[in-house]
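Accompanying notes for the structure given below.
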């Protein structure tokens, strides 16, 4: 069976896997964005707070993904929970770092002006600082998503959802006639998903970055 | 004060604007932790309602810090601030700032919001209705000389520096605050634009009568704008707080005279405006007038020159007697273009400058939309300068006398205060 025949015979299974893969990454990204931007907002004002947040999330990223999932299985069991936790943790670094950089990069004279015309602290954050820091934050989210696309494949090790199952099945049956097809289908699927997400982010950027600060 | 604001709000609904409120700074002090000398040391300033007061001094003298303590962007460590008689030293700073307009260098406009959104920020925060905000934005843009239709939806980066600064002022004035603080607002624009913006501010102030505190390090700007000027030295010590005339003619000490710099007599020209001197008429024709009538006018009027106006009655060309002959009767080709015009708010210095550069020996005065009003010539300028200097000489003597009397009275009061204190004790 060549690759195309494999694809047409298994397209139902592949589409389900791809859908679950995308779904897992997307949902984990939402959680990671909320937590990451939150950490950024809390820490960007203090020198050491920002460094601590960046260093911690950077350390998380150095843990090999297989090891991370392996460590999570005894704690939260198999399936979806270890996948979601691992992906969310891995997704934090670019978002946290870019949030801090973005928020710190807002022109202090503008913050001063916002204060001077009587905006309260929350209003300043929501109306001035976050919108101005949004382009770098969005870049962080984009980098994070690309990263998670690849890492999500490992989730199959913990019986998680996604295209990783296809790859692991192929690796597990190396030498059989469909092994290469399975690995190839899983890998290409992930690449295509990553490109689609990236295109989506370009669109999100167009829609959410105010025209006045668009490059 | 609460009553005053209530009536003020009523007044704005009826399109009249809130007039200025008094500002009193009493022993205002800012001491930063870890430094022995205070950054601002016990400043006492009383500013009258509707007055434009300029804080001027060398950089690092604490003038900006003093200004920022008025809207508590910097919290004072000692002393008191009263606005309109109300003690605002411990008022909620957010609420306080909504009642004080604030314009800063490089405009401080938010780049991600349109001009209209920027201007409507404060009115929105204080809870104005949408239609009221919309009409206010139009009104404000019109006030600062920008066409609402054209600039409404633009982003700050699509504006020139001068236009941004105008929008910055419009934003500061949008919620009709009685007090306006301006922190070197024209510091970042080129000299020509700065001159225009200064003229605009003077015009605005004549319409609005806000209480304005303006910080600058440029003494000429201070002279041009201020009703009174506070010359500050290090730690915001007030070296002299007086009218520009008095500071120019009687600097209190060497520091002030050093700051005034050379050419005080010339700077004096900055204090008088074209509107204060006699604007004479000169024969004019418009480009649409038929040629024979232009000839007739040239012949009938005693002067050598007439002013040719364009279709919108703006000065266009100076026509001399021979010019039309040489240009074979075509006004379009004849005459010399008008280089420079001044408005009624321009200073005599600007006018003199224009007269000296224009070889006709006079300059056309124009109104708000650039339309012709009259001319000012060298003779008028000379006469008014003579009058000014004469008046100064008289005023000087009177002023010295007054100051001495005031000082005597001050000592007298202080003496009484001490006596009263002792009596109480």
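Count begins at 1; order follows the chain as displayed.
Using N, Cα and C of the backbone, Cβ positions are placed for all residues, glycine too.
It is A:24-44, from the ranges A:3-23, A:24-44, that TrEMBL records as transmembrane segment. According to TrEMBL, the feature transmembrane segment maps to residues A:147-163, out of the candidate ranges A:130-146, A:147-163. Range annotated as transmembrane segment by TrEMBL, chosen from A:95-116, A:183-204: A:183-204.
Remote same-chain residues near the transmembrane segment (A:147-163) are listed as 14, 17-18, 20-21, 23-25, 28-29, 32, 65-66, 69-70, 72-73, 78-80, 82-83, 86-87, 90-91, 94, 185-186, 189-190, 193-194, 197 (criterion: CB distance under 8 Å, separation of at least six residues from the stretch ends).
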